[in-house]
Amino acid sequence: MLKCIPLWRCNRHVESVDKRHCSLQVVPEEIYRYSRSLEELLLDANQLRELPKPFFRLLNLRKLGLSDNEIQRLPPEVANFMQLVELDVSRNDIPEIPESIKFCKALEIADFSGNPLSRLPDGFTQLRSLAHLALNDVSLQALPGDVGNLANLVTLELRENLLKSLPASLSFLVKLEQLDLGGNDLEVLPDTLGALPNLRELWLDRNQLSALPPELGNLRRLVCLDVSENRLEELPVELGGLALLTDLLLSQNLLQRLPEGIGQLKQLSILKVDQNRLCEVTEAIGDCENLSELILTENLLTALPHSLGKLTKLTNLNVDRNHLEVLPPEIGGCVALSVLSLRDNRLAVLPPELAHTAELHVLDVAGNRLRSLPFALTHLNLKALWLAENQAQPMLRFQTEDDAQTGEKVLTCYLLPQQPLPSLEDAGQQSSPSESCSDAPLSRVSVIQFEDTLEGEEDAEEAAAEKRGLQRRATPHPSELKVMKRGIEERRNEAFVCKPDPSPPSPSEEEKRLSAESALSGGSVPSASTASEGEPEILPAEVQGLGQHEAMPAQEEYTEDDYNEPTVHFAEDTLIPREDGESEEGQPEAAWPLPSGRQRLIRKDTPHYKKHFKISKLPQPEAVVALLQGVQTDREGPTAGWHNGPHTPWAPRAHEEEEEEEEENRDEEEGEATTEEDDKEEAVASAPSVKGVSFDQANNLLIEPARIEEEELTLTIVRQTGGLGISIAGGKGSTPYKGDDEGIFISRVSEEGPAARAGVRVGDKLLEVNGVALQDAEHHEAVEALRGAGAAVQMRVWRERMVEPENAVTITPLRPEDDYSPREWRGGGLRLPLLQPETPVSLRQRHAACLVRSEKGLGFSIAGGKGSTPYRAGDGGIFISRIAEGGAAHRAGTLQVGDRVLSINGVDMTEARHDHAVSLLTAASPTISLLLERETGGTYPPSPPPHSSPTPAATVAATVSTAVPGEPLLPRLSPSLLATALEGPYPVEEICLPRAGGPLGLSIVGGSDHSSHPFGVQDPGVFISKVLPRGLAARCGLRVGDRILAVNGQDVREATHQEAVSALLRPCLELCLLVRRDPPPPGMRELCIQKAPGEKLGISIRGGAKGHAGNPCDPTDEGIFISKVSPTGAAGRDGRLRVGLRLLEVNQQSLLGLTHAEAVQLLRSVGDTLTVLVCDGFDTSTTTALEVSPGVIANPFAAGLGHRNSLESISSIDRELSPEGPGKEKELASQALPWESESAETTGRNLEPLKLDYRALAALPSAGSLQRGPSATTGGKTTEAPCSPGSQQTKPGVIQPLAQAWPRNSPAPRGRGGPCSPPSPDELPANVKQAYRAFAAVPTVHPPENSATQPPTPGPAASPEQLSFRERQKYFELEVRVPQAEGPPKRVSLVGADDLRKMQEEEARKLQQKRAQMLREEAVTSGPDMGLASDRESPDDQQEAEQPWAVPSHAGGSSPSSPPPLGGNAPVRTAKAERRHQERLRMQSPELPAPERALSPAERRALEAEKRALWRAARMKSLEQDALRAQMVLSKSQEGRGKRGPLERLAEAPSPAPTPSPTPLEDFGLQTSASPGRLPLSGKKFDYRAFAALPSSRPVYDIQSPDFVEELRTLEASPSPGSQEEDGEVALVLLGRPSPGAVGPEDMTLCSSRRSVRPGRRGLGPVPS
């Protein structure tokens, strides 16, 4: 609709205005401006009260909407709307329609509904154009007699009026299609109603019709007929003439049968005949072939017609609440049936043909008498099968059985057979007060009503409750009934007693009672006990208040529903006390003294064992006297009965505390939620008052509590980085922490926090903090006061202290066998209880514990008690809920999680409140004596419903010291296993977990084939690595670190990991674990680190499963360790995480068994809060040689990690990944060692140049701090060092011989972590080539093992001596790197900026030291007898000469040549030098043999060739290092001219960016006997002649191994920007002297391999100088 906004000079030709829902109170003025053009005006849903006269000038209106207004008068001017077609004035206050309405001749649609009209004007029938007229709810009492003049009417709505008759002229409305007469007072319909030929819908519901005229059968076009809610007793047979009828609604009438003609309604689709009096359904119903919905609810049908099977289109059949006794087998013909509801009938069996209804999805047979279901129903695809009224789940689990009567296979479940429920006609017949309790009202209610029952059986307490209208609801008790409870508590103190039963019931009455109670039990297993005459009966508790609809559905709920509330179950049968005090059901019950004929109702709950005390144990005579007087009081008087309630074990304050409002337990240390206070509606025995003692209803001795005194303390806490270590609760306006006190209380104290060390305890009331009073403060004020208190917090607290009563009775701790049996009265007027031994089926044993309070407290937590969440469902006792590791309770070893606390320091705790127990435990007493009750192996209590929470989680056997005498500790285990288990140093326990279908809540690690680190490092096994906080294992008392010895008797000490998992997952009703309480890993603790917004965590990790070991001291350890802590991250700021710690869990996610990548991903996904469980890992002091700077573990490329996965074994958690992601990193790592896949037998391969980026190498640690694990390459396979890198610590600068690098097949000793001793000469490699390769100064290649016996012969063609100068010059040219066209890829930062700065500082310092040292050595090493060769020798050569040269002989096993003496000042670089050296050796040690004499001439020539090659290589290296030094001088000079040098550019670079080499890393491919290729480093070409003449300078060591170069190769990612701009920049690295562990089998030189060198020559020829 167009809404016109009147603007200046706007177009006023507006045809439609919509002002609905505009809250208009008057008609807008602008509407009048459009009087010439406006045709549609909608003013509905406003607040118009009148229509002004200008309104009726809108003469062109065709549609007017005025509904939902407050118009009180329709003016006669409405006649002006001559062109009006549609008028809607519904839902106004118009009392009458003006007579002038007749002039609106064009009116076709009129709606006057919802107005207080009482009549229509006489001229109304002149509106002959009217087609749709609505007069609903207008209080019409009669229609105009000439209503037939409205000949064009199509729709006439007259619902909700006061019509009692219809005019005969109604039949003239020949165009009428819809007539609605519902909700009137019609009693008779005119016969002329059948003369409406076009009528399609006729609504006659909610009238007073008692019959329908037969003429209705003439309405041939009628589609819908609704005559529901009338008084029809029968239908006319002519109704079958309605050939087009589809909907026939006959609900709520008095029909007793359906006419036979109903079968003629071939188009009938919906037939509703519910709430009638049908006794049968005609067989003609089967002819309604299109019938899809048939509703026959609430009739008197006893059977269904057999023709029902013809209804092939029937989808919904509802026959609820009838008297059906059998279902016709023909129902299987309803193939389209999807919903079949047969609820509340009398069906005893279902026909198997029902399975033919293939589309059946919902079957409701609740409230019948079915014994079983036909097995054929399994063929149906049922979505819901309802067997009971309150069935919790739509589908159940069925079992197959054989029918005892027919022998056929049937389906059954726990809801079958069904219990019959009374029919509805019995609902009004209430039982009289004298009838049995089984005749309870039948209507199901949501509460248990305490109503009139047998007077002789009704307690006074229950009578009082009934008079007050008390309704007992499901536990927990609603808070709104607390006030009502106080009234009952007052009546308890008046010692109401029960009236004795005047006469015992007859056996027939007993049978009725038992049968009624059996019906109430709803599916429980019947007991075999029978009632015997003359013996007192104990009837089920509170049956009076339980309707018969209540118990069975409740049982169904608890069995099927996933969540089960704590329930109270009722005893099904009478419990007959026997002589030994045990009931027929096998549960120990007290044989209480019941008067003759007295019948008691016992509430059967979770079995509890009576805490009786023996008379012999009472230490004081007044306690004995009080006990005897209490018994006499019970027996006094002719009507003395047995009292029914528990005695409150507290002094006068007990009632006040029980009547307190529901309070919320805010003690976070116990971790228990809130619940309402437990309630027992039983009377209290009025025992005489004896100071110090009292009694409960069974005359059990109860010790009164100690007196509570309050003291004020002033404590000072020094705040630390982690806070104060306390939590507070309460405050003004908050939920009180204790009672009604709105003060601030300490709710939690961290065990090792500053507050605990200062003496703060849980329960202290906070009065003042640093002078700020907190008595009436709100919670947030207290929080702000604590936060702003500064470093030293001085607080004033109020603490409660227990003072023992004057005549307190102290109880001797009971031994486990001193459990108490029920008492019986024998002899005369007063009989003492007979003490009998406990029955052998006892599930519990008692033991005493005495704990000495430490500075950290007692070390355990309690849960349960009144006023707190029950630790176990339905059990209000106090239990040990947690034992702190290392606390007093843990060290004592006498407490276990789940132990019930019976008394604390002699004060009974069986019915105590939670806060009382806390007060006793936090008292000032240094020692605490506990009497505990522990569940032991044996029969279990009645199993709770599945998934009930929480349940008694396990039955934990006591340790040997507290076991029951004469009872085997672990009966399921073999004696050998038990003996072996008990021999260990740690306690062994058997823990049983009831399997209820849910998870165990634990994870294991270890096994004979898996590492179990950090558990059992020295003694591997299967360990519990994770326990879910509230899982089944945690409730059983299992802890992290427990060693599993056996699972259900199966020994798993030597089992594999998978076998242990299979044993734990094996289906069984109960899982019994034999565990040994091994101590947890040392240093295990949980740390919480908070990250600031945008702050990085700042740690790096190493290790992981299926990768490189993160523990350098143990290569088998697959744990995750912290390898670096950045001082700028959150971890460095926190200060508790340090290098070497092992990570066990991150945010409750275990890291055990995760790969390195998974651990990195998990750590990177944490939010702002990191909760990490750590323990001690490796000692960083033993791996100091691996560190390049403080707090940084050495780079894996330099730390002897020589594995392909070295790159993947250390990751920074805060590293920004490249766009390529981890896949790119893995690709780089996978390309690191391509030479491994090459054949070692390929010869003549060119060693292509290796391009090393200067920046990448300069960022690596210097050789002075470089640790290289010794490695030997054999046959193309890299072998690991025989010992850990940390075991090789020698002076920097000394090149270790090859003796430390052993192949795996060598006899070198391999000990874990042991020192690597130098080998003996016999253990040296036999191959001469291998020996020389170990010390060659040029990089060589390793021949395969099968070439050991083939010494190389010099090839003359390839000899460097035969090459020209220019050909030799090519070896010394540096290759110019051509920049790549494409842009550099994204760098991956491997070294942080702070680490790079530390490396550079350390490098500069070491270079300074080396320069000074070399200058000093140069003067010493120069001598006159050096000759020409010595002129070129440098201190580097002397260092090499100082090494013990081992020259092994041929494979024959000859001893190596003697090494030169240490400290010799003549390096062996020439033949003359060697002769001089040998002369000195002969002079010093004449007995040394000459190994060369044993060599053949060919071998001697080969050896000489090797020596010469070695010497030439040393000279070439000296020249090359001089050239490098010169280049550095040039770079320094350029730096003075404003250009930056490589070191400065490296320092400014954010991270070392390795440069990718265009050549594959096949430079180090293993070849049979290829010449050593020179490895040119990328840079610009420099002519050898340009720098060969430069003066010799201090050389730079560059001793590396091929695998080291290979690792460096993986660093290459992109050329550094500007790296090619500088003159003289070469890709070299200043590595200083090698580390002790850096045994380089070859040296990397600066030579270029431009051509193949023939095999057999190991070096270069002499270079002309």
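In case you wondered, yes, glycine gets a Cβ from its N, Cα and C as well.
A simple way to gauge crowding: the CB of S37 (phosphoserine) has 14 other CB atoms within 10 angstroms, across all the protein chains here. Per Swiss-Prot, phosphoserine is recorded for S37 (among others), and the stated evidence type is similarity to another entry.
Mean model confidence of the repeat 'LRR 5' (129-150) amounts to 94 (pLDDT, 0 to 100 scale). Swiss-Prot lists 129-150 with the feature repeat 'LRR 5'.
Sequence annotations record features per position, and here Swiss-Prot assigns repeat 'LRR 6' to 152-174. Within its own chain, the repeat 'LRR 6' (152-174) has Cβ neighbours under 8 Å at 113, 128-146, 180-190, 192-193, 195-198, 203, counting only residues six or more beyond its boundaries.
As annotated by Swiss-Prot, repeat 'LRR 13' applies to 313-334. Outside the repeat 'LRR 13' (313-334), and at least 6 residues removed from its termini, the chain residues within Cβ reach (under 8 Å) are 274, 289-307, 340-351, 353-357, 359, 364, 423-424.
Here Swiss-Prot flags 382-402 as repeat 'LRR 16'.
Taken from Swiss-Prot, the feature compositional bias 'Acidic residues' covers 452-463 (among others).
The annotation phosphoserine is assigned in Swiss-Prot to S583 (among others) on the grounds of a large-scale study or a structure entry.
Here Swiss-Prot flags 657-681 (among others) as compositional bias 'Acidic residues'.
The feature region 'Interaction with ARHGEF7' is assigned by Swiss-Prot to 703-1215, with similarity to another entry given as support.
Residues or ranges marked as domain 'PDZ 1' by Swiss-Prot: 714-801.
According to its DSSP assignment, S750 (phosphoserine) is coil. Under the heading phosphoserine, Swiss-Prot lists S750 (among others).
Annotation comment: Swiss-Prot describes 848-936 as domain 'PDZ 2', evidence class sequence analysis.
Secondary structure from DSSP puts S925 (phosphoserine) in coil. The phosphoserine annotation in Swiss-Prot covers S925 (among others), and the record cites a large-scale study or a structure entry as its basis.
Here Swiss-Prot flags 990-1079 as domain 'PDZ 3', drawing on sequence analysis.
The domain 'PDZ 4' annotation in Swiss-Prot covers 1086-1180 and rests on sequence analysis. Look at the domain 'PDZ 4' (1086-1180): DSSP puts its residues at 15 helix, 32 strand, 48 coil.
Proximity of S1126 (phosphoserine) to non-local residues of its own chain (separation of 6 or more, Cβ distance below 8 Å) is seen for K1096, G1098, I1099, S1100, G1132, D1214, G1392, D1394, given in sequence order. Feature annotation from Swiss-Prot assigns phosphoserine to S1126 (among others); the stated evidence is similarity to another entry.
Neighbours of S1496 (phosphoserine), defined as other CB atoms within 10 A of its CB across all chains, total 10. Packing around S925 (phosphoserine) is summarised by its Cβ count: 16 other Cβ atoms lie within 10 angstroms of its Cβ, all protein chains included. If you draw a 10 Å sphere around the CB of S750 (phosphoserine), it holds 18 other CB atoms from the protein chains shown. The Cα atom of S37 (phosphoserine) lies nearest to that of S750, taking the modified residues S750, S925, S1496 as the candidates. S1496 (phosphoserine) is 81 Å away from S750 (phosphoserine) when you measure Cα to Cα. Each residue contributes its Cα atom, and for S925 (phosphoserine) and S1496 (phosphoserine) those atoms are 94 Å apart.
Secondary structure by DSSP for the domain 'PDZ 1' (714-801): 14 helix, 37 strand, 37 coil. S1496 (phosphoserine) carries neither a helix nor a strand DSSP state and counts as coil. Secondary structure at S37 (phosphoserine), taken from DSSP and collapsed to helix, strand or coil, is coil. Here the repeat 'LRR 13' (313-334) is broken down by DSSP into helix, strand and coil counts: 5 helix, 3 strand, 14 coil. Counting residue by residue with DSSP, the domain 'PDZ 3' (990-1079) contains 14 helix, 30 strand, 46 coil.
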